[in-house]
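Asker: Grabbed the feature section from TrEMBL, which reads as follows:
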- Tyr137: active site, proton donor/acceptor (ACT_SITE)
- 11-17, 106-109, Lys141, 164-167, His180: NADP(+) binding site (BINDING)
- Lys188, Trp203, Arg210, Asp270: substrate binding site (BINDING)
- 7-238: domain 'NAD-dependent epimerase/dehydratase' (DOMAIN)
- Ser108: site 'Important for catalytic activity' (SITE)
- Cys110: site 'Important for catalytic activity' (SITE)
Amino acid sequence: MDRNARIYVAGHRGLVGSAIVRKLTAEGYGNLLLRTSGELDLRDQAAVAAFFAAEQPDYVFLAAAKVGGIVANNTYPAEFIYDNLMIEANVIHSSYRTGVSKLLFLGSTCIYPKMASQPIREEYLLTGPLEPTNEAYAIAKIAGISLCRSYNRQYGTRFIAAMPTNLYGPNDNFDLEKSHVLPALIRKFHEAKIAGAPTVTVWGTGAPLREFIHVDDVADAALYLMRHHEGNDIVNIGSGEEISIRDLALLVKIVVGFEGELVFDASKPDGTPRKLSDVSRLHSLGWRHRIGLEDGVRETYEWFVGQGFPAETM
Ligand SMILES: NC(=O)C1=CN([C@@H]2O[C@H](COP(=O)(O)OP(=O)(O)OC[C@H]3O[C@@H](n4cnc5c(N)ncnc54)[C@H](OP(=O)(O)O)[C@@H]3O)[C@@H](O)[C@H]2O)C=CC1
Ligand SMILES: C[C@H]1O[C@H](OP(=O)(O)OP(=O)(O)OC[C@H]2O[C@@H](n3cnc4c(=O)[nH]c(N)nc43)[C@H](O)[C@@H]2O)[C@@H](O)[C@@H](O)C1=O
């Protein structure tokens, strides 16, 4: 990617988008095209077409999406499928129409079958039923993969797709109802410590296993794939390491310094029992993650505390 290339980072204020902007800026890319959802609603086909015609990006990092944790996905399936289908269809189609040189689409490891054998290889896609709590979002993301592959086949575009596992880091969503598990636990343990509360409630049984990767690693992988990966093969972006939700909660408890007890709320869904991605394709392309989970959680907690309170602003 030429340092003067016109690079559009869709979703630049989000967890992944902001990390990609940090990395591009640090590496001297000064021609970034950035629009908030208020400035450019990517569900609006005409507005997206006008933006692409006017700005003519050379590269597109598609990190804009309707994103949320297990309860958000389970509660708002129509929003998750509609927003994500519209965003990806509009951005990918306009990228084709205006001759974007290369686009990276971000899906998620939740696209794989609920009971896929572990670790999950990219070829397990569409080999079994999906996890019901996030099926709408997963189908939208699978459609995004097909958009990339179909445009590549019919129009000769260079639209690549990567599937990150659960990610976390600075600038995450810390809303207690809509966020993912790691930011929710960081906030819950911190608020309980400040308040001197006796317990922290963890959703589900604590038994499910999840894989986590720091968002700065994901941004690094995104640039690496934009530079080095071609073709229709999707690529998992993960650490290849998993941890139970119970052990994750105990890790956050120690990092935050909370002295109380854990309470498990089994009325909340566990979701898929395991979701460990096979990262051998990513490794064979020459990239590995660098940030370990404990270091990453400590760094994220320090960032979180630095943001200040009151909590309702998070
Ligand atoms: N977080 C995770 O654990 C995982 C995320 N992913 C994927 O990574 C990508 C980024 O996720 P993440 O950074 O966590 O998400 P965030 O929710 O942090 O950011 C999403 C961004 O998308 C933008 N956006 C949402 N709707 C619209 C819209 N209608 N028009 C324009 N922009 C919109 C928002 O812009 P604004 O701020 O301006 O409103 C926001 O900045 C997504 O594709 C997601 O599927 C994959 C696996 C795990
Ligand atoms: C990235 C991925 O993220 C989602 O899938 P998920 O990994 O199941 O999501 P999650 O992080 O919300 O939960 C992981 C586990 O953690 C448990 N859990 C405990 N306590 C809290 C808690 O306080 N909040 C949350 N959210 N979960 C909690 C929770 O019960 C579950 O067992 C989908 O968006 C999917 O589409 C997707 O792409």
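All positions are counted from 1 along the displayed chain.
Backbone N, Cα and C atoms are what each Cβ position is placed from, and that goes for glycine too.
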Asker: Please report the Cα separation of Lys188 (substrate binding site) and Gly11 (NADP(+) binding site) in Å, rounded to an integer.
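Answerer: Spelling it out, the Cα of Lys188 (substrate binding site) and the Cα of Gly11 (NADP(+) binding site) are 26 Å apart.
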Asker: So which of Cys110, Tyr137, Pro164, Arg210, Asp270, listed as recorded positions, have a Cβ under 6 Å from an atom of ligand 1?
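Answerer: What lies within reach of ligand 1, judged by Cβ under 6 Å, is Pro164.
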Asker: Round to the nearest Å and give the CA-to-CA distance linking Gly14 (NADP(+) binding site) with the residue listed as 'active site, proton donor/acceptor'.
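Answerer: Spelling it out, the Cα of Gly14 (NADP(+) binding site) and the Cα of the residue listed as 'active site, proton donor/acceptor' are 17 Å apart.
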Asker: Of all the binding-site residues given, Arg210, Asp270, which residue's CB has the most CB neighbours within 10 A?
Answerer: Arg210
Asker: Cα-Cα separation of Cys110 (site 'Important for catalytic activity') and Pro164 (NADP(+) binding site), in Å?
Answerer: 9
Asker: Under a threshold of 6 Å between Cβ and any atom of ligand 2, which of the binding-site residues Gly11, Gly14, Asp270 are retained?
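Answerer: Only Asp270 qualify.
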Asker: Looking at the recorded positions Ser108, Tyr137, Pro164, Leu167, whose Cα is closest in space to that of Trp203 (substrate binding site)?
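Answerer: Comparing Cα positions, the closest of these recorded positions turns out to be Leu167.
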Asker: Cβ distance under 8 Å to Tyr137 (active site, proton donor/acceptor), same chain, sequence separation 6 or more: which residues?
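Answerer: The answer is Lys66, Asn73, Pro77, Phe80, Ile81, Asn84, Ser108, Cys110.
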